[in-house]
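The active site, proton donor annotation in TrEMBL covers Glu265. Residues or ranges marked as active site, proton acceptor by TrEMBL: Glu459. The substrate binding site annotation in TrEMBL covers Asp132, His172, Asp180, Lys374, His379, Thr421, Asn460, Ala461, Arg499.
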Amino acid sequence: MASVTYWTQGEMGIKRVGLHHRHFHWEMPSANGAKGAPGAMQKKRLGLIRHALTFSAASIVRNPQAVASEVSTREQETSLTYNEKMLAKYVPVFVMLPLGVVTVDNVLEDKDGIEKQLKELRSAGVDGVMVDVWWGIIESKGPKQYDWSAYRILFQIIQECELKLQAIMSFHQCGGNVGDVVNIPLPQWVLDIGESDPDIFYTNRSGNRNKEYISVGVDNHPLFYGRTAVEIYSDYMKSFRENMADFFKDGLIIDIEVGLGPAGELRYPSYPQNQGWYFPGIGEFQCYDKYLKAEFKEAATSVGHPEWELPDNAGTYNDTPTSTEFFGSNGTYLTEKGKFFLTWYSNKLLSHGDQILDEANKAFQGCKVKLAAKVSGIHWWYKADNHAAELTAGYYNLKDRDGYRPIARMLSRHYAILNFTCLEMKDSEQSADAKSGPQELVQQVLSGGWREKIEVAGENALPRYDRDAYNQILLNARPNGVNKDGPPERRMYGVTYLRLSDDLLQKNNFNIFKTFVKKMHANQDYCPDPEKFNHHIGPLERSKPMITIEDLLEATEPTEPFPWDKETDMSVGGALANLIHKIFSIFK
C-alpha cells in the first residue's frame, strides 16, 4: 500500500505522521511527551490535523496519477537515503584461505576446488579473502631467487571470482603454532646459515632455539649473503610489487599485512607449542641469543648498571605467575631492574616493527593499498596484576601502563591498520584459573588505536561456527551499534574470518555465516565500491617522520577504554535460534 511519511514540528515536539491511502494514522504526544488520551487543547489540534489530512486525501482522489508519481519518487528518495546511511555502518568481511592453498613445493594443486569455494564465498556476500604469501615458498631456491608463479595463478582466480585480496608478507614459519596444520619452514638457505650461527634465531634461557622467525637481534647484521634481515624483507616486498603490478593496478590487492614475528604477529615466540607450551602457561622471554644479550648489556651499561643481566627467575613455559620470583607478588617486574628490562624488551619490538613497516611503505608507495600489522590477543593472565603472558611476548602492559597504544602510535606514521585477534572470545568462556580477559583486552587495544586516529581491524583467534561467537565479533565491530541516524561512533575497518574450510561450508554452518556477513554489512547487500562505505584507498603516501621513543612511550599513560554496549544490535540470533537448530538436528 502506498504511503508517505513525513515529520511535523510543534509545541509538543517532533512526531512522525504516516499518510496512507484510504485511511489515516497519527499520534499525538501527551503533555509529558508520552502517548495518551488527548486533552481539550490536544483535541483541538487533533481536529486540525484530521482536517488537513482529509484535505490531502481529497487531493489524492482528484489527482491519483500525479500523487502516485510523487509517492513513488519520495519512496525512492527515502529508500536511497536510508541505504546510503546504512552503508556508513558497513564493515567488510574477508575470509582467510587455507594455510597450504599453495603447497610447500610452490604448486596450486586444486585450482577447481578453490575456485568453487571462492564462488561460494562470493555468493555469501563476502568482500574478499586473505592469503599468506610464504617467504619459505617464494625464495626457497636461494637468495633473491623468487618464484611467484603459483600465487599469480591463485590471484587470477580470486580476481575472476570478483573478490578483493589481503596479502600477508609471511616471513615466518608455518608449523608449531595453534591451528598450524601444514609445515612450511623458512627458506633452506636461511636455515643453513642458522646451522653455523644458531643465534640468528630466538632463544630462551635454556638455550632452545626457535626457528619460526629470525631474531630481531640480527635485523641489521649482514649475515645473509651480505644482506641484513631487514634488507631481505625489503627485497622480497619490492619483488612482490614488481611481479604483481597488474593486480595492484586492477585494484585486486587492497591490503598488505606485513609479517613482523611468529604467526605474522608483532611479538616474541614466547609460547611455542613445538617446545612444549600449553595453555595457560606464562611463556618465556626470548632474548638469550648472543646478539640480543650483547644489546642488553650495552643498554644496561649506558644507564650505569653494567652488572644487570637478563632475567633468570621468570620460570618456564608452563609455570603460573605466582610460582616465579619475577612475576610474583612484589616480584622483579616491579623493581627498577625489572622495569628497565621490560622497557628494553618491548622497545625492541617497537623498533623492529617500525623499521620493517618503513621498508614496506617504500616498497608499496604509490600503490592504492593499505598497510597493516597484526598484534596478538594474549588474553590469559590479563586479569592478573603481572600480565605475565603479555610481558613474555613483548607487550609491556600493566594496570598502570598501556602496552598497546605505543604500537598504535608507531603504526600511525606509516598509515597502517592495527589488526587484532580474539574478537570472538568472551570472558565467561575461559577458565577462571587463567584469569583471562579477552573482552577487556579487545576494548583496550581497539580504544588505543582509535585514540591514535588509526584504523583497526580484527579476526577471530580460533575457528568458531556458533552464533555466540559471531555476535561477539559483531559487537566488537560496532561497539555502540549501527546508529541509524548517522555514521557509527566507532566502527572497525574490517574483519577477517579464520578460516575457509569444509567445516565452514557445511550447510548449517554456512547459513549462519551468511547471516553474519549480512549483519556485518548492516543488513545491506554486498557493496563492491569501498568509497560508498567510507573506505577511501588512495595511493600510499610516504611514511611520516620517525617518532622518537620518548614520544612513543608517552602513549603508555593508561586511559579508560571507550564504552561498549552489552550486546550487538545486529544479532545473528541467540538461544532460541540455537534451540530450533538442535530440534531440527534431532529430527534429521
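Each Cβ is built from the backbone N, Cα and C atoms, and glycine gets one as well.
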Self-check item: Pairwise Cα distance for the residue listed as 'active site, proton acceptor'/Arg499 (substrate binding site) [Å, integer]
Solution: 10
Exercise. Could you tally the C-beta atoms, other than its own, that fall within 10 angstroms of the C-beta of His379 (substrate binding site)?
Key: 25
Quiz item: Could you give the Cα-Cα distance between His379 (substrate binding site) and the residue listed as 'active site, proton donor', in whole Å?
Solution: 15
